[in-house]
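The following features are taken from TrEMBL:
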type	residues	note
TRANSMEM	44-66	transmembrane segment
TRANSMEM	78-97	transmembrane segment
TRANSMEM	109-129	transmembrane segment
TRANSMEM	199-216	transmembrane segment
TRANSMEM	231-253	transmembrane segment
TRANSMEM	299-318	transmembrane segment
TRANSMEM	330-347	transmembrane segment
TRANSMEM	367-385	transmembrane segment
TRANSMEM	397-417	transmembrane segment
Amino acid sequence: MMHVEKDNSNGKQFEHHNLQRVSTVHDWESYKIKDVFDDGTMTFFWQAHTLTVLFLLTCALIYVAFFEETSSDLEYNVKRGIISCILVFLLLGVTQIPDGPFRRPHPALWRFVFCISIVYELALIFILFQTADDARQLLKHVDKSLGKPLSEKKYGGNCLLYDASHPSDPFHNIWDKLDIFVPTHFFGWWIKTLMLRDWWICTVMSIMFEILEYTLEHQLPNFSECWWDHWLMDGLICNGLGIYLGTLTLKYLSMKPYHWRGLWTIPTYKGKLKRIAAQFGPYSWIEFDWKPTSSLTRWLCVLGLIFMSLLLELNTFYLKFVLWLEPPHMLNILRLILMVFAGAVSVREYFQLLDDPNCKTFGRQSWVTVSIVITEFLVIAKFDFETITKPLPTHILYFWIFALFILFLWTVWKFFFAHKLSSDKKLEDLSPNDKEDQFKDQNETNTIIEKENGISNLRCRNIQNSLDTHT
């Protein structure tokens, strides 16, 4: 496309050739996002406040430099210096980094999540360059109770649902399993369903993780559970109900209209309270249709999503084991919270990369999240290579060989043979006139493409000749 513009200063005309990639007519966001109204109210709450933050930061640094009494404790000063560097980086990111795909409850929250995930990745890289013992001892600077071997616990054990040898409480095995991890499983899979927005993918991941626990129980003792704990309490009740509640929530969010008004334009206090509560929900809603079997690329991408999600789950258990972190420790909880927020943005970016024809780049939060998962695994592999390389039991090994072989055969059949047979069948069903029309349409399309390529090449040559003339 050529645009002619006039320079008002001397009356000259310049030709500008637009050689950028032509975007498709398909507007992905307007097609996906529906029933959204926003009156455009911009309050103090939504402003960037970059100068205010810079002024407050400068005041804090001036106070430290000239008014605060300097401590002679090296360890204390180093800790404060590192924490201050992290805080300044977070302030810079929250005020300057572009917004992500989410804007509720505030875009600054998701900028903060992105920045804190970078800090976590940098911490993992630092730990990767240490020895296992040094890394464990470094955690003492965070919590003095860390750096000690984990206490041995018995897992599995008596798996009788009804234990007649304990007449006073024959169901004691069930009550013993009802701990804090039961609601954690339930709400965890509810959140995962809201993140992935697909019942099939969540169900497959739930079953796959239980199989992985069976597979790896010879490496980590806490994977050893009773059969009914695996499939009834975890798989069916906790995970299943969490996924079911998630699907109900998805239906509600997909049908709900999103009508946004400024808080001070709402006349009643009840309406204001509802508006404040709605601020912590989504601004709009996009249904995820992953279409895993629509193409080979899509199929492999969905398999990659499942693989990285399961690896992230496994890293949780192996990191606790190699770094000597008790399950209820605050570091484990903070990591899970970070991964929930970062994972939500990452899945949203990843889906848009697959579904939006105009999206050609891997999202920045997705990039950092994938690097975190990989670095965590590298830390685990370096610090305890012996554990993760313990050979699989023979029956488990045969199971995985068989399962992967079936997956490979199905992939080849679906995307190479079945697709060709389906295309041939459709061609056979066409009448002679339809075949002739299809052939003509294809020839016309090829002719148009050849003409457009010729025009583009001619434009490029004209531009090059023009540049050579001017130079």
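Here the Cβ of each residue, glycine as well, is placed from N, Cα and C on the backbone.
Of the candidate ranges 109-129, 199-216, 231-253, 299-318, 330-347, 109-129 contributes the most Cβ pairs within a distance under 8 Å of the transmembrane segment (78-97). Only residues 6 or more beyond the boundaries of the transmembrane segment (367-385), in the same chain, are considered here, and those with a CB under 8 A from a CB of the stretch are 114, 117-118, 120-121, 124-125, 127-128, 132, 135, 308, 311-312, 315, 318-319, 321-323, 339, 342-343, 346. With pairs at least 6 apart in sequence, the transmembrane segment (299-318) and the transmembrane segment (199-216) have 3 or more Cβ pairs within the 8 Å limit; the two touch. Using a Cβ-Cβ cut-off under 8 Å and counting only residues 6 or more beyond its ends in the same chain, the transmembrane segment (299-318) has close neighbours at 201, 204-205, 208-209, 212, 216, 220, 222-223, 290, 292-293, 332, 335-336, 339, 343, 347, 350, 354, 370, 373, 376-377, 380, 384, 387-388, 411, 414-415.
Within the same chain, residues 86, 89-90, 92-94, 97, 99-100, 102-103, 135, 138, 335, 338, 341-342, 345, 364-365, 368-369, 371-372, 375-376, 378-379, 382 sit at least 6 positions outside the transmembrane segment (109-129) and bring their C-beta atoms closer than 8 Å to a C-beta of that stretch.
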